[in-house]
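S.K.: Take this structure, written in structure tokens, and hold onto it; I'll ask about it next.
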Amino acid sequence: MRPAPRWTGRTDGTTDEHLRWHQVVAPYAPGAEPNSCVFVGFASDEGVRRNKGRVGAAAGPDALRQAMAPMALDRPRRAYDAGTVEVVGEALEEGQRALGGTVAGLLDAGHFPVVFGGGHEIAYGTYLGVAGSSRRAPGTRLGILNLDAHFDLRADPVPSSGTPFRQILAAEGDAVRYAVLGISQPSNTAALFDTAARFGVRHLPDDECDPATALAFVDAFLAEIDLVYLTIDLDVLPAAVAPGVSAPAAFGVPLPTLQAVCDRVSASGKLAVVDVAELNPGLDIDNRTARTAARLIHRIVTRHVPVPAG
């Protein structure tokens, strides 16, 4: 685990009305106040490389921290940074297991983990954490909501950024519900649609994601589960909004619709963990993608995590 970097940014004052994220995020240590947000980085693009994508997402966690650090807070917040799980060389599976252990430990300690990627291979590591935590008690119906242009259900010979949800569904069967909002038909072969149908995957195409339809899709999904893992692949957004990804979207889901979806999930009381995938700073334009991702995470955390007492 790489230690948490220092969050820095503009300081207008130290009283509550002046606070920004960089002034409230502290290094995480066991025994930290429960019911807090804990940020974790996952520095990996080995899965993207294996999936024949454009590498660079390993730099995503720190770029996301830098974009979020100067954002102003409406009220005082309590947050921690647990550092970054770093995938060294080709040791993706080892990194995913390490991420899973970190996420499980945070959940068991009563925290809300927010994981910064990294390629979408992050998803298998985050899932291992949820599956291995006490939050998933016997009989708990776990759901994964993926905001993504791709199913990520490939049957590749080795795990990659294109395989995590097939790995999960192959292991879990009907014990996990999986839904994808924002699917781009031209970016997924007929074979992938067949795989999705075989696994019972619900999906909503990007060109049908008006706010009302998107929220109805999410409501139906949430009604069937007890616990939700939300994963946001930034290539679900239009390329003009999120150019800094391996596979920019020609169409994409508008940001206001995605924000409404995230609000609905946050308000459900079922959200256990969220991660953000595929931020590639080397492909970004004026930090546009990083700032958009930071805005979404800011919104989710401030809506989901209670304000500390006193």
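Cβ coordinates come from backbone N, Cα and C, glycine included.
Quick paste from Swiss-Prot:
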type    : residues               : note
BINDING : H120, D148, D152, D233 : Mn(2+) 1 binding site
BINDING : D148, H150, D233, D235 : Mn(2+) 2 binding site
S.K.: Of the binding-site residues listed here (H120, D148, D152), which is spatially closest to D235 (Mn(2+) 2 binding site) when Cα positions are compared?
M.R.: D148
S.K.: Going by DSSP, is D233 (Mn(2+) 1 binding site) part of a helix, a strand, or coil?
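M.R.: Its secondary structure by DSSP: strand.
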S.K.: Determine which residues of the same chain, besides D148, H150, D233, D235, have their CB within 8 A of the center of the CB atoms at the recorded Mn(2+) 2 site, and list them by sequence.
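M.R.: Everything else in range on the chain: H120, N146, L147, A149, D152, G182, L234, V236, A247, A277, E278.
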S.K.: Cβ distance under 8 Å to D233 (Mn(2+) 1 binding site), same chain, sequence separation 6 or more: which residues?
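M.R.: Those within reach of D233 (Mn(2+) 1 binding site), by Cβ under 8 Å and sequence separation of 6 or more, are H120, N146, L147, D148, A149, H150, D152, V245, A277, E278.
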S.K.: Have a look at the binding-site residues (H120, H150) and report the one with the fewest Cβ neighbours inside 10 Å.
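M.R.: Sparsest of the binding-site residues H120, H150 by Cβ contacts within 10 Å: H150.
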S.K.: Starting from the Cβ centroid of H120, D148, D152, D233, the recorded Mn(2+) 1 site, name every other residue in that chain with its Cβ within 8 Å, sequence order please.
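M.R.: Result: A123, N146, A149, H150, S161, P164, F165, T231, D235, V236, A277, E278.
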